[in-house]
């Protein structure tokens, strides 16, 4: 009897959800067949192209918390459990998520997912260089990479799009892909981003920015501000001074998450190189933009309170945060290690000693999100990263990775005790597997550490994947990096929608799980539709003119063009040489565009287009003459002030499909133009949509 | 709001099941607290002592199929998938189990479990030796071993008891633990055991035997019959000639599974060294015991049909079966490997070419079980092992492990298309993780193979865990064994009860999942109760006397004592020096015990006790005088023939709790004796209970 039935109930029940993900090829064909399907790279590179479970629907959750253990493969979980709890012990938080019965009657699910990436297989390096040696977007997208880095991983769950190692929320062609924070903000939700790493590191960065290079940390690159290596670290065209959308740190401010807590404060000491805040430090820019800032001060972090329209930016260390345990050092085979196994010791420099453990930071984030009116009304999305599991695994540091797993577990346990799993989906997973392996005896080939576990037994943790022989004189680890591995990963979930993590999924499915639970726009069409109500106003302020774009919530980047109507000459325009050129959208806020070259009484055509959605606002306007009716009350100067024109989006007739080419075409359809003389100054007014 | 609720619905709903497992400490305490619980070794060593999910109940399934990929950790699964299907592909069988929607509306679950073992951490070696250098049961049980071997693993899921590496269904003290085949037979179910390994290898052996040493393959040890190394391979007291329960091969025949298909035929060419079949080969013994035998003949295997009371024993190769792909060889770092990646090639010697793939063998097993009246009426338990994933991983042979995973997947896919998932629980898992790791670039420390995958991309598979440096002149793998790793494992299930594999479980939980679904006895008490109806008859046959024990279905080993009532002298008795001394129970069949020293007219006391259950049958009888009424019609010789006495079990007042000491005490309670003169010859009669 052949019971390989066609899909019935499952598909029918979730048809509406499947429709949302219509761009993605479902893992199971409509006729119910289930056969191996190695797709082509170009298919995989599409938004949603690598999904395995498009046909499995979501349940709705008000809130989602994603706990992300960087590099926390099953081996790393087991290493830490065996050491800290004993082989039959369990983690209070990490192992409770997804465990039926462990969290009352919360729904629970566990599964595995695949983590490969696309591109040239390089890690943390340039994707390509042009003839002048400048970094350019991926010139060779037609490849599959078995082992992902953290940036391609993060981009996968943050956007649903498979991409190349080194990419931050851009596809293999360099096109920005909308991320969970942008979509959550478009939906009026509160957002939080917590990590023990530098906040510019790949995993937090995928919620804040779009960058063709993961190390484009700040406007001056990956420095403490004393130098400028941005051209080594960033695609030149992404830099503000070259008409680009800016570095990761700058985009973090544009993204304006409600809560951002992590490390990497030194990059905010860099000097902004272009745009409105040119010459100021990024910290100064943050404060001018209304952020509550904390720099390397746990007490101040713990004292933070929710304040309306004053998001929190607390960076607790110059770089990555110190680890919970002091490092151990993997060394060559030596019987003496068996006789004197290593016991990990606490690190005096760990910030948890000062009230800034990952649990402390998670508590603060939850308090702030719960106090936030948007969070209360619409829910929140919070990501919490245990970042240095990965970093210490790279370093062959067993104690380091174990301590970080412990810190991570405590943060999860805190959350489980303080959220309502009836309306909050909690997910625990990793971004890629890693190198450490548990053995009974020391290996000959690999380096290893012999640990004395909570059971009082020796356990060998082995590290053998470095590409360079980095042993020092003592045969110990000497800085060469142990490598990520390509093994499928564990994912666990408790709360509404936890069933979606069951079975074999792909990392990109996590985007659909999270976004679907929160009711965010997942398909390319639904995302484009978020810009349907886009509006642009032209404001005058003492002879300076600014376009103020709102409602481009289905876009990450805007292009614009200002033409003299009489001469047809372009007076000002965004750079469009790469997909990360142009104006960074401030989702659910007002995105300002300075318009140069306008003279009083002149007539102009302004076109502003969302480069992801293709939605275009274009209208003609006349700059008011001196002393015209555009003057507002209380601002009776001699120049025209206030909104002088505005336009609404029209559907482009030549919409540029997301993810197919590297350049967005400026649509030319013209909307009905509203001319001059609208008597409201909105230059400093609050945006009309959710600003948090 | 603290939502860390006490267990409610889940516990209440499954209270009756929890009661069955009352000996085991539940993972969650009665008050609902969930805290780390590293148990002591003595607690873990108890039957059910390492369970994590005792409180999660089973659904009932008529049939259970366990697909066991030996050494098939998540890394091995991903290696094979990436190579065979591409990174975004999926296995037709392996990835379909546990996948919601992939198998119609079948219930689905996936999770992870822990795999540690107990004992001294050695692998595949003696557990201990006495003063004379003889192997003896584990002298040092008080340890925890982070990485298990296949025998401790198999014992875990086959019996629910954690034990030491090298143990086959005995606990850390050497006490036999009832396994799934014994319990299934006691419940009237059909049983099948299929593997690509030698049938005496650990994974199949745990369904056939109890052995303190996993390499006690045959009565002459692990040889082809041309020599006798049994004293190197077996605990001396386990050997038949020393009054023990016999080797793995001999016990396989006593177990009498309905279907046994695998390799290892050469060990059946050994000569039996003691007991009823002394001097014959094990093959001869099998045929005399009524087995349908096939030796290295795929056509004959495929032609096998169900025949009443003629179980199938088909061993298709002398040793382990040839692999599907020719071997590759892991070698030291060399850029030439990147330029010329390996493509695996088919092995001409693979038995699948002759109709004996794992799929073919699985098909035959399912056909036989479905034709079996016990299977039809009561259901079946079938285990199918893809054995050489492990063996080729040990050998640093990427192509070998990939081909075996492919063979395994095809067997699963066949089963999924041919069983009813409404009444059949299909589980796919492994027994321990293994060494291979996926990298983007060749490592310096470890050996590696660069493969060209189905995507046309290079993938590096790395092997770095060998304890000895086994590189040959070319830097290639040279026979030193790459090692198992201790990472938690994937488990996937489809069908009734699939939800039990969700979350984090332990390998011993799998016993409770399988046995619970089939309604088998899981607790020590319920298992002991299976011997409640034990009965012993004394038969006479031309002056030879035999005790015939039936109904000892809660026991693996019997002890007996025959005393001269007049003198009080013991005439015959089982050896009781170790827990594997005594008489091997033929579960749900008749276990014969030759009684020597009886003379006509004499009066005797016979005591037979189940060494696991403590159930005892003891009665007095008188050997009939020559020509007495015990003579049966048609057998009118001069000697007494037929049943001359029988007794039924009484509860011992001094029951020997399972798993606490190494010796079973012979209980002395006497049942009412039935004396002489019962005129039925049952020497050759069919057993009254299920014999299959």
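Just so you know, glycine gets a Cβ as well, placed from its N, Cα and C.
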According to TrEMBL, B:201, B:203, B:385 bind Mg(2+); identify which of B:70, B:533, B:542, B:555 is listed for that same site.
B:70
Pick from B:85-108, B:109-132, B:133-156: which range has region 'Disordered' per TrEMBL?
B:133-156
Comparing the binding-site residues B:394, B:432, B:484, which residue's C-beta has the most other C-beta atoms within 10 angstroms in this structure?
B:484
Whole-number Å value for how far residue B:234 (disulfide bond) lies from residue B:70 (Zn(2+) binding site) (Cα to Cα):
23
Cβ within 8 Å of the Mg(2+) site centroid (B:70, B:201, B:203, B:385 excluded): which residues?
B:68, B:150, B:154, B:195, B:196, B:197, B:202, B:204, B:386, B:387, B:390, B:431
Smallest Cα-Cα separation from residue B:216 (disulfide bond) among the binding-site residues B:201, B:203, B:432, B:484 is shown by B:201
Mind giving me a neighbour count for residue B:201 (Mg(2+) binding site)? Other Cβ atoms within 10 Å of its Cβ, every protein chain shown.
29
Write down the Cα-Cα distance for residue B:203 (Mg(2+) binding site) and residue B:394 (Zn(2+) binding site), rounded and given in Å.
16
Per DSSP, to which secondary structure element type does residue B:216 (disulfide bond) belong, with helix, strand and coil as the options?
coil
Reduced DSSP state (H/G/I helix, E/B strand, rest coil) at residue B:394 (Zn(2+) binding site) is helix
Sequence-ordered, the recorded positions among B:201, B:203, B:234, B:431, B:432 whose CA is within 10 A of the CA of residue B:150 (active site, phosphoserine intermediate) come to B:201, B:203, B:431, B:432
Of the recorded positions B:234, B:390, B:431, B:432, B:484, which sits closest to residue B:203 (Mg(2+) binding site) by Cα distance?
B:431
My understanding is the cutoff is Cβ-Cβ under 8 Å with a sequence separation of 6 or more in the same chain; which residues meet that for residue B:385 (Mg(2+) binding site)?
B:68, B:69, B:70, B:194, B:195, B:196, B:197, B:203, B:204, B:262
Measuring Cα to Cα, how many Å separate residue B:234 (disulfide bond) from residue B:390 (Zn(2+) binding site)?
24
Within the same chain, the residues at least 6 apart in sequence whose Cβ is under 8 angstroms from that of residue B:431 (Zn(2+) binding site) are B:68, B:70, B:71, B:115, B:148, B:150, B:153, B:154, B:157, B:203, B:390, B:489, B:507
